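Undergrad: Once you've had a glance at the structure underneath, I'll fire off some questions.
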């Protein structure tokens, strides 16, 4: 069966846009010199015991690494107040940096680029995760509405104006640490209802100081974080993830188009900014089928650099996005979680493993983490690049 798929793939390989090489145009020194356009999206996995990256993460990431591929880590905390889920990694201490180094080295040995996603949850937390049991911090003191899944979010404390520079500096120092750990760059997490987005969106920002009110004021904190991180490690090493259309964690904006456009405008001020990674609006159901709404086109046209689309893409939709010039690269989450050799499966148009959502956030170092099967068992060899798509 695999041989049949291989023959078919070789016949029409050039017709698979996801598996074409990508290099940033007009940037001869760019880090983004990729053999394909299938990215590992950042996904929280809750297996970094005591917030320290563990050796089993090296296997998880190298299973999904290919020569000339790009991986983004799970969300990684920038400070002691950044945590909102159990056993998520940090990049704020010497111990964290030293623990990341062998993981990053293992990914690099496979020939892949590795980006560290920098994260602060803000109010998406509870007192139990916070230092000394204090309230989580946010743009607001309004708590998140209970979600019906048993998650408890404590009432947050509104950050004072004079405290915000310290949070900005936490991101800067985390970026420095990530580079010291060997990462090729960082992705600032400005999406999915977490701290930066709590400031950006008008449903969760009720401030009356210079960080609230107008669109410019609401985005000020995020822009300061971007500027600080760029100043520390260089724009060529900094990307960002944004989700202006989403409504996660009670973070909704009354004008997502204006929000997204303003943020892209700020990114364009940094000539060599690594990439803009944006999440699609929620899926629509058309004729009984889930359909991506492709709401990111205005931002794609506006942004001057590499554009990454995410949000429910499959092989067909990803190929179309690249072929149409809608996105340069496509980030895959659950599909990549369940199919560690996803680029190879796309190349062969092979069947996919089904993911098990019951093991997404458990703490088992193997089950639901590194035990999803490859098409061929010999791909488990960490030093084998045969699961990379052919160029």
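The backbone N, Cα and C atoms fix where each Cβ goes, and this holds for glycine too.
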Undergrad: Per Swiss-Prot, which one of 207, 220, 241 shares the FMN site with 42, 43, 44, 75, 117, 312, 333, 334?
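TA: Checking 207, 220, 241 against Swiss-Prot: the FMN site match is 241.
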Undergrad: Going along the chain, which residues six or more apart from residue 190 (substrate binding site) have their CB under 8 A from its CB?
TA: 196, 197, 200, 222, 225, 240, 241, 242, 263
